[in-house]
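The structure appears right after this line, and notes come after that.
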């Protein structure tokens, strides 16, 4: 096994690919022949000895690392704590002087786009372990790796609570916006530094359950289709279509298509209400309007109102309307009689259940009362006017 490790080091040195990052070993089958004691030069194995029928370690794969970097301790490969590799061990980076230019080197090296934000002490990613390799980095953003940046290596006074992290533009994330809480709203996907909508073509209960689980909002959706009014999105936002199979456990394992001409052209944004924080609220529907697809979102909620409360409101409203009608009728009757030279009189009003209109008051009152009596929620009433 030790000879295999030495051979792996020779391979990485000869290829000028840095140190050994990972070695895959296996045991040789019984009764087979193999080479041992080899040296690797000029991309060839040399000075090997052959043995037959002995148990030995087989070198299956060598991965060399030229100042490798990785992101660890997060939900996405492009949004985590920064770690660098040296001498067979991963170590962290201190957040002293850690800024967007330093993080830009990491995002570029990992093919994660550009930097959206950086994190440090009390950040969103958990602390790491092992050595703290780099401190007080001062990158320009164009370096090939963090080791090429000016820094104070191996002289850090940082603890792991100050580990540096980064969020790159190729971070994949999902959220629900415009709803009553974080577990309800329009489904949005983050890619390429911006948020886009989820096409509702082929959007089904399995995908909805995936999203609820990914957001830790339960596993069963309360509603994922037929929202009224329909959800709307800004035309300039990207549209994402996902094709999932029964073997996919996460949305990120599904096939992804962006702005597909046929699959998303006539579709609407997908919406979702998970059974997480929203389970306490009665049946509701929501609508979200997007303005320029920025972070200022507006929404309104339509709740089912108990019927008793609705009946009371109708009764109060009709009573107020009737009062207004009676006041207006009194004024018009007085003006009508005064104009035709009638003596002054006081009008007395009484409410009966039999529709009678007397004493020649204007006909518009009859029309208002007939409209009011046509309401199915309130018994019909009539107004009788008498002169004293």
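Yeah, the Cβs are placed from backbone N, Cα and C, and that goes for glycine too.
In TrEMBL this protein carries:
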type	residues	note
DOMAIN	69-169	domain 'SRCR'
DISULFID	94-158	disulfide bond
DISULFID	107-168	disulfide bond
DISULFID	139-149	disulfide bond
DOMAIN	174-275	domain 'SRCR'
DISULFID	244-254	disulfide bond
TRANSMEM	316-336	transmembrane segment
**Prompt:** If you count the other Cβ atoms within 10 Å of each Cβ, which of the disulfide-bonded residues 94, 158, 244 comes out on top?
**Reply:** 94
**Request:** Name the one residue among 94, 107, 139 whose Cα is closest in three-dimensional space to that of residue 254 (disulfide bond); these are the disulfide-bonded residues.
**Result:** 107
**Message:** I'd like to confirm something. Which of the disulfide-bonded residues, 107, 139, 168, 244, has a Cα closest to the Cα of residue 158 (disulfide bond)?
**Reply:** 139
**C-alpha spacing of residue 149 (disulfide bond) relative to residue 94 (disulfide bond), in angstrom** = 14
**Message:** Please report the distance from the Cα of residue 244 (disulfide bond) to the Cα of residue 139 (disulfide bond), rounded to the nearest angstrom.
**Reply:** 41
**Prompt:** What is the interatomic distance between the Cα atoms of residue 168 (disulfide bond) and residue 139 (disulfide bond), given in whole Å?
**Reply:** 17
**Request:** Round to the nearest Å and give the CA-to-CA distance linking residue 139 (disulfide bond) with residue 107 (disulfide bond).
**Result:** 13
**Complete:** Spacing of the two Cα atoms, residue 149 (disulfide bond) and residue 107 (disulfide bond), in whole angstrom, works out to 15
**Message:** I'd like the Cβ neighbour count for residue 139 (disulfide bond), meaning other Cβ atoms within 10 Å of its Cβ, all protein chains included.
**Reply:** 22
